[in-house]
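Visitor: Starting off with a structure, shown below.
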């Protein structure tokens, strides 16, 4: 090991030792940096300093002439040495040698024509094609599974299996629904079938998915192969079908409805099934009436009372005041709850609170309910749209589409290219909940082609009125449909509206009476 303290000698040693062996470029950086610093310390103009330069054989100073190696090219980054011609040639020969190894040379020889027929026959020997015996090996797992699940192959609802969302929970929007099956036996219908569907599916697709899962699980009885033979109804938590509302529209997406409990009901569309008519019992209450559907006349009056109270209180817990049933024709006489409907010989009853009496004339309504009126009342909850004209304050009209169903009334403007140019015709869509509806009255009927009706509803603690006009037949149908809906619902807003209207009428009557009394005294 040698210790040197002369930077010039050290730099010269690095320069000569790493001319061809430095591939990192580190020596170039050392030479450039230290030579610059050394030049600043020992400028070349200073004479007599023998320690800062090395004398060559020709007597000239060589201290900084060879400060940088001639074989290292200075660049922005590290130095890169160019390859010599010999190295490039050796690399080319190596690649050619590797390519020759990959090639195979075959020597061409002339075919010997003196070959016997036996030798030619041995070249293409005839093989015996015998039928192989059937393989009696073990069956594959797929074959075994297909034999165990024959219903999967013969399921007529396989096309709806793509809407099954059980494998997409957490990754895609899904909806879990409990479906009751009234077509089951009396014990199986109490337990719902849980279905997980894609949120993008329609109601028709959900019906097909329910039928597919029903068939895959091997349930009985078998379903009709036609999906259109079924519909979905709103159901209570105990499986009771709510017939006051129409079935869900098959073309609507399922995510539009927030119901978690539904019932799959068969449509009675064939002529043989149309004779199966439902039985309805009318229950009068203080602010309207309800139609309770029963399967037969063997049902007890206690079951009818429970349904009536549940229908009156809705989703609230059945607690608080107790009620009893009375015949419409026999006031203040309670009905025996253990008796059957058949033994009562009546189809109309009154719901009266315990420890109270029914006043005369409180429930005086037409007790004669024909089947046509019942059908009109039930169909009034089905959605139907009408094209009418909405009358504004300045007496100009706007064409709108009036959609009426059992749960709400929708008013959508019908815009046309001609009407869109007028700045005042900018009617916004309006949606009115049925619980906020108060009244629907015929305002004017001039001719069969022109009539006006008024719709009253509650908005922000204030009663608002909307006026519409159309032909007389359409107006009468709308008024009748809305009034059927209002009579079948015990709306608080409607009761308050009539109470306020009655108070105004009484105040006006008393004022006119006092005025007449004063004029008589004079």
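Placement of Cβ uses the backbone N, Cα and C atoms for every residue, glycine included.
This is the feature table in Swiss-Prot:
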type	residues	note
REGION	2-184	region 'Interaction with MAP3K2'
REGION	2-267	region 'Interaction with NBN'
MOD_RES	2	N-acetylalanine
MOD_RES	86	phosphothreonine
MOD_RES	128	phosphoserine
DOMAIN	139-267	domain 'CRIM'
MOD_RES	186	phosphoserine
REGION	279-353	region 'SIN1-type RBD'
MOD_RES	315	phosphoserine
MOD_RES	356	phosphoserine
DOMAIN	382-487	domain 'SIN1-type PH'
MOD_RES	398	phosphothreonine
REGION	468-522	region 'Interaction with ATF2'
MOD_RES	510	phosphoserine
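Thinking about packing and proximity, how do these listed features fit into the structure?
Guide: Taking the Cβ of residue 2 (N-acetylalanine) as reference, no residue of its chain lies under 8 Å away while being at least six apart in sequence.
Within 10 Å of the C-beta atom of residue 86 (phosphothreonine) sit 8 other C-beta atoms, taking all shown protein chains into account. Residue 86 (phosphothreonine) carries a helical DSSP state (H, G or I).
For residue 128 (phosphoserine), applying a Cβ distance below 8 Å and a minimum sequence separation of six or more within one chain yields no residues. The secondary structure of residue 128 (phosphoserine), as reduced to three states from DSSP, is coil rather than helix or strand.
For the domain 'CRIM' (139-267), the model's average pLDDT works out to 84.
Here residue 356 (phosphoserine) comes close to no residue that lies at least six apart in sequence on the same chain with a C-beta under 8 angstroms from its C-beta. Annotation note: residue 356 (phosphoserine) sits in a coil segment as assigned by DSSP.
Mapped onto DSSP classes, the domain 'SIN1-type PH' (382-487) shows 22 helix, 56 strand, 28 coil.
Every protein chain shown contributes to the tally, and the Cβ of residue 398 (phosphothreonine) ends up with 19 other Cβ atoms within 10 Å.
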Visitor: Tell me the residue counts in helix, strand and coil for the domain 'CRIM' (139-267), as DSSP assigns them.
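Guide: Per-class counts: 44 helix, 31 strand, 54 coil.
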Visitor: I need the CA-to-CA distance for residue 398 (phosphothreonine) versus residue 86 (phosphothreonine), whole Å please.
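Guide: That comes out at 95 Å between the alpha carbons.
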